[in-house]
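Listed features, source Swiss-Prot:
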- HIS16, ASP175, ALA176, LYS177, ARG242, PHE243, ASP251, ARG257, LYS258, ALA274, LYS278: ATP binding site (BINDING)
- ASP18: Mg(2+) binding site (BINDING)
- GLU44: K(+) binding site (BINDING)
- GLU57, GLN100, ASP251, LYS282: L-methionine binding site (BINDING)
- 100-110: region 'Flexible loop' (REGION)
Amino acid sequence: MSERKLFTSESVSEGHPDKIADQISDAILDAILAEDPDAHVAAETAVYTGSVHVFGEVSTTAYVDINRVVRDTIAEIGYNNAEYGFAAESVGVHPSLIEQSPDIAQGVNESLEVRGTGDQDSLDLIGAGDQGLMFGFAIDETPEFMPLPVSLSHKLVKKLADLRKSGEISYLRPDAKSQVTVEYDENDQPVRVDTVVISTQHDPEATNDQIRQDVIEKVIKAVIPAEYLDEDTKFFINPTGRFVIGGPQGDSGLTGRKIIVDTYGGYSRHGGGAFSGKDATKVDRSASYAARYIAKNIVAAGLAKKAEVQLAYAIGVANPVSVRVDTFGTATVAERKLESAVRDLFDLRPAGIIQMLDLKRPIYRQTAAYGHMGRTDVDLPWEKLDKVDALKAAVEA
């Protein structure tokens, strides 16, 4: 009998405290970019019972009503009832955004390449907003080229939110978490779902039996393909027995604490940088998107079954200090050819990434819940497959 291998990933709903913080940070970023596409923004948010603190650094000509953006975001998520201990129109909002450090700004606004040579290549002008390493990943086990465990985890909490907002399950509250364990065969192909864990906040009147039945029938079976479920699949639904107190009343939340949920569910490596609240000069965000774009096009081109792209930068320097492609032995061509093709086809300077993916637009709030990668419900430029033919041609040359 072949060895059984399990892999687990999780997701959280838009009403989870950390995701509330992410969405507020990205809503502020979008509001600023809508007025000033060249703004530099690093907006952090902390939420807890009855209170929201927004802090960080900005450089912009825009005026944004932070108080209104915060309240509108909370309302859209679904915190409109004082019984939740956190409601859009009654929370205290405490903004404290200051001007970006001139020491950082000088390296971002004029890269080392420009300062050193005096050349005026417009794509050399912007230096990386910080040092760091970023990863992008793709795999052929789902139509969206994402690992199955995190893909299913996102879809489960998104389905819970849809049922809550439509009123079909009226007792649901905004906070929820999911976790999916997938069994893989000896060829690393997913064959079944071993375990599903869902914890969902609810009104006090809802019974455990009712919650379990609704979640299994209306959420799990509606999301997970029947061929992955069998009589041995285990369901843990609200395993603590009660989840009435949730959201910021139950736990404080901070921007950037769900970086594995935001990416690949632990299936791929992560450089450690968070995304939300950061404009595209911050390579933590933009280079992670570029790396995903590259990896997805490599796999979609049939050049590998899975691909991980690492990029690394020095603060104030436009060109990446390293580019690496790892296909884990699944490539149909030499990895050095893939790396050469990537360098030729993708401009990985910050300004090049911004131009390539059109990242000065207010598109970020929609990424701040249910994953930044592999989304099929929203149109994100790093998910496009417009480099497939060019990659094929480049490796054949």
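Cβ coordinates are placed from backbone N, Cα and C, and glycine is handled just like the others.
Positions of the features from Swiss-Prot, shown on the structure.
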residue	record	DSSP (3 states)
HIS16	ATP binding site	coil
GLU44	K(+) binding site	strand
GLU57	L-methionine binding site	strand
ALA176	ATP binding site	strand
ARG242	ATP binding site	coil
ASP251	ATP binding site	coil
LYS258	ATP binding site	coil
LYS278	ATP binding site	strand
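Across the region 'Flexible loop' (100-110), the model assigns an average pLDDT of 60.
If you check the binding-site residues HIS16, ASP18, GLU57, LYS278 against the residue listed as 'K(+) binding site', the ones with a Cα inside 10 Å of its Cα are GLU57, LYS278.
Taking the C-alpha positions, the distance from HIS16 (ATP binding site) to GLU57 (L-methionine binding site) comes to 25 Å. Here the binding-site residues are GLU44, GLU57, and the one whose Cβ sees the fewest other Cβ atoms within 10 Å is GLU57.
Around ARG242 (ATP binding site), the same-chain residues at least 6 positions away in sequence with a Cβ under 8 Å from its Cβ are ASN208. The separation of ALA176 (ATP binding site) from GLU57 (L-methionine binding site), Cα to Cα, is 31 Å. Within 10 Å of ASP18 (Mg(2+) binding site), counting C-alpha to C-alpha distances, fall the following of the binding-site residues ALA176, ASP251, LYS258: ASP251, LYS258. Across the structure, LYS258 (ATP binding site) and LYS282 (L-methionine binding site) place their CA atoms 18 angstrom apart.
On the backbone, the CA of ALA176 (ATP binding site) and the CA of LYS282 (L-methionine binding site) stand 30 Å apart. Residues HIS16, ASP175, ALA176, LYS177, ARG242, PHE243, ASP251, ARG257, LYS258, ALA274, LYS278, recorded as contacting ATP, have a largest CA-CA distance of 36 Å. Counting only same-chain residues at least 6 apart in sequence, those with a Cβ under 8 Å from the Cβ of LYS278 (ATP binding site) are LEU29, VAL41, ALA42, ALA43, GLY129, ASP284, ARG285.
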